[in-house]
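Let me begin by presenting the structure, written as structure tokens, before commenting on it.
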Amino acid sequence: MNQSNASMTVIGAGSYGTALAITLARNGHQVVLWGHDPKHIATLEHDRCNVAFLPDVPFPDTLHLESDLATALAASRNILVVVPSHVFSDVLRQIKPLMRPDARLVWATKGLEAETGRLLQDVAREALGDQIPLAVISGPTFAKELAAGLPTAISLASTDETFADDLQQLLHCGKSFRVYINADFIGVQLGGAVKNVIAIGAGMSDGIGFGANARTALITRGLTEMSRLGAALGADPATFMGMAGLGDLVLTCTDNQSRNRRFGMMLGQGMDVKGAQDKIGQVVEGYRNTKEVRELAHRFGVEMPITEEIYQVLYCGKNAREAALTLLGRARKEELSRH
């Protein structure tokens, strides 16, 4: 591979970043995968697979490992950032001086900015300026299934129509990976953050032992909260019936591959927050997202009772069963009311 002809540079060599890099390379593209830990990258290069997260999926020959950030960013104008939301802004500030003049940025990070609750588009604009094309991909994607080539579909939104078309062409694979372009840049970002919160709640419900009826009710009312917040931010309500909304919500609320769901189940079974986090052993995005989504809802005056009760469990020490009973004990109302 020449130094500047890769189709994509992927920033973040965790399970999801690796899975996306494998998918791109499997499509026949030259892909550079960068990670912040040189030892980890050296191990990936030696093993030619991600033994820790995706041990059964060998790397295609067109997937290249790189520990030098400048070299990785010089390799392609297209940069795919796949890092936890709480380090997103730091990573963008780190890569900005090293990016090519023709660079374009897409992220698969799901969440909001830590502490402020800002959308990641606002973080990216602040860090990178107004000229660089931006895009986001989101949807129901477990890394193991994506890397294994099992059928998957996602949403893609961008500020730039040409960039959206190019990304769809790069990512889309008729055999296993469908990419739908969505014009709603705000909604596609927001869905990925709110679903993390609701997935914790679904896990709590199952951990308590409330059953399938309760889980389904929580998912449905969680979708209502997602749509309500989206409307306040100017998102298209139809987005939340697509891959980045309902699709991702159902996946993470119902399958134990979801760290957020497993975390919630442990809380529902009586484990404390730190103990559950330690047992998961990886970042539980929904833990921070709960605080951020709650902050965003308060800022826009949006009532989100499920999110509020999950916040009370995570940050105020409320018992999960007590939180569930608080929700069940709310005043009677019409299903389609705005509150």
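FYI, residue positions are counted from 1 along the chain as it appears here.
Cβ atoms are placed via backbone N, Cα and C, with glycine included.
Owing to the predicted nature of the structure, the values given are computational and were not obtained by experimental measurement.
Applying an 8 A CB threshold to same-chain residues 6+ apart, the list for GLU285 (NADPH binding site) reads PRO84, SER85, LYS110, GLY111, ASN196, ARG259, ASN260. Secondary structure from DSSP puts GLU285 (NADPH binding site) in a helix. Taken from Swiss-Prot, the feature NADPH binding site applies to SER15, TYR16, HIS36, LYS110, ALA143, ARG259, VAL283, GLU285, supported by sequence analysis.
In the three-state DSSP reading, ASN260 (sn-glycerol 3-phosphate binding site) counts as helix. Taken from Swiss-Prot, the feature sn-glycerol 3-phosphate binding site covers LYS110, GLY139, THR141, LYS195, ASP248, SER258, ARG259, ASN260.
Contacts of LYS195 (sn-glycerol 3-phosphate binding site) defined by a Cβ separation under 8 A and a same-chain sequence distance of 6+ are given as LYS110, GLY222, MET226, GLY245, ASP248, LEU249, THR252, CYS253, in order along the sequence. Secondary structure at LYS195 (sn-glycerol 3-phosphate binding site), taken from DSSP and collapsed to helix, strand or coil, is helix. Per Swiss-Prot, the feature active site, proton acceptor maps to LYS195.
For SER15 (NADPH binding site) paired with THR141 (sn-glycerol 3-phosphate binding site), the C-alpha to C-alpha distance reads 11 Å. Using a 10 Å Cβ-Cβ cutoff, ASN260 (sn-glycerol 3-phosphate binding site) registers 25 neighbours. Cα of VAL283 (NADPH binding site) to Cα of GLY139 (sn-glycerol 3-phosphate binding site): a span of 18 Å.
Cα proximity to TYR16 (NADPH binding site) (within 10 Å) is found for the following binding-site residues from GLY139, THR141, SER258: THR141. Around the Cβ of GLY139 (sn-glycerol 3-phosphate binding site), the same chain contributes THR152, ALA153, ILE154, SER155, MET243, ALA244, GLY247, ASP248, each under 8 angstroms and 6 or more positions distant in sequence.
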